[in-house]
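Trainee: Quick paste of what TrEMBL says about this protein:
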DOMAIN    20-169  domain 'VOC'
DOMAIN    234-389  domain 'VOC'
BINDING   Gln237, Glu312, His339, Glu385  Zn(2+) binding site
ACT_SITE  Glu385  active site, proton donor/acceptor
Amino acid sequence: MTTTSAEAAEGNKGNPFNFSWQQTMLRIKDPAKSLPFYEQVLGFHRLHEYKFDSFSLFFLYMPSPEEKSALPPSGSKESEKVLWSMKGTVLELTWNHGTESQPDLKYHDGNEEPRGFGHIALACDDVYAACKELERRGVAFQKKPDEGRMKGLAFAKDPDGEVLGGRSGAACVWKGWWLCTGRRLARSGRVCACLSFGPFLDRSPPPPTGYWIEIVSRDASAAAFRDPEAPRFSLAQTMLRVKDPRQSLRFYRDLLGMRLLAIKHFSDFSLYFLAQPASLPPSLLASLPASVDPSDESGRAVMKQLPGPVLELTHNHGTEKEEGFSYHNGNTDPRGFGHVGFLCDDLEGACAMLEGEGVAFQKKPSEGSMRGLAFAKDPDGYWVELVGRGLAI
């Protein structure tokens, strides 16, 4: 099933609770490895952090030069105010204390069974030059820009895994399709060791583990990136696999107020790209058509100019018809990805509205020891944190 342009446009109820996409959360094993990677290698700025008895949270942001000069010190009350009132989107890294000393612990990247979360993505002016620099600095790759059928994009790996070399077994040599949609090739009688890039097998060492970070190109002429002091990378997307795009679009677009920017249909999967209107520069927002036509490239052109990320929903055709089929939300074993999160103005009112629309909750605002936040569940069971704007912990 694929959506038509009319179906993609219908149903938006506006955004009365001023929802804004504020975070994507990943669990990390060792902050002594992950923080230098994200901050020093990729250029994230540590906006805020919390240190509790058994876990710590690190909120990483890609600010513009103007924003960065005005940001308060991380961990201060001032940075906390910025975090819970911002329009942008941060990467939240969650460290459960002691995991760094557990040699057998490895967080799940979502790209082997059980699948769900796929990757985050970073945009840059020159994918080839950026990947060459990342490789020089010791970063492992799942796919380099010239590998596979789709040239000009890459998948780097973060430090939450090690290169698992030195053992026998079949592994892909990346001659197949470029995007890991998690398609179960067994349907066609083909078997692939990692079910990622096609049925071409080799006796090469398996690829490195760790979260996937897609490296894509952006429009270097866009106003957001003209400043020579602008960061080399910008946070470009979070990808989630979804069973039924109609249900997912109703949740993220119609209920949470996101804007569908573009649709891309392929023979056996489709991609849906959404952004928060509040994060779109007015000139770009005004240039978008009222409805999205999959054949229209204007939305994808706008995406390349965005200073912030889009939510990419990946639909493998036919999953919506499979009884009992589900994706893994990352919050039961094997753990890894945690949630996406949204700020809102009236948490109680927003949760009441969502509950009235049939949305299930993992945690309501009045439950648990932490007030001022809730966890809803999207149609695939992914956790969606809802935080009252202006939260103070």
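Numbers here mean position along the shown chain, with the first residue as 1.
Glycine too: its Cβ is placed from the backbone N, Cα and C atoms.
What you are looking at is a predicted structure, and each value in this text was computed from that prediction instead of being measured.
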Trainee: Within the chain of His339 (Zn(2+) binding site), which residues six or more apart in sequence place their C-beta under 8 angstroms from its C-beta?
Mentor: Gln23, Thr24, Met25, Gly330, Asn331, Phe375, Tyr382, Trp383, Val384, Glu385
Trainee: Any idea what the model's mean pLDDT is for the domain 'VOC' (234-389)?
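Mentor: A mean pLDDT of 94 is what the model gives the domain 'VOC' (234-389).
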Trainee: Report, as a single number, how many Cβ atoms besides its own are within 10 Å of the Cβ of Glu385 (Zn(2+) binding site).
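Mentor: Summing over all protein chains shown, Glu385 (Zn(2+) binding site) has 20 other Cβ atoms within 10 Å.
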Trainee: Going by DSSP, how much of the domain 'VOC' (20-169) is helix, how much is strand and how much is coil, in residues?
Mentor: 37 helix, 47 strand, 66 coil
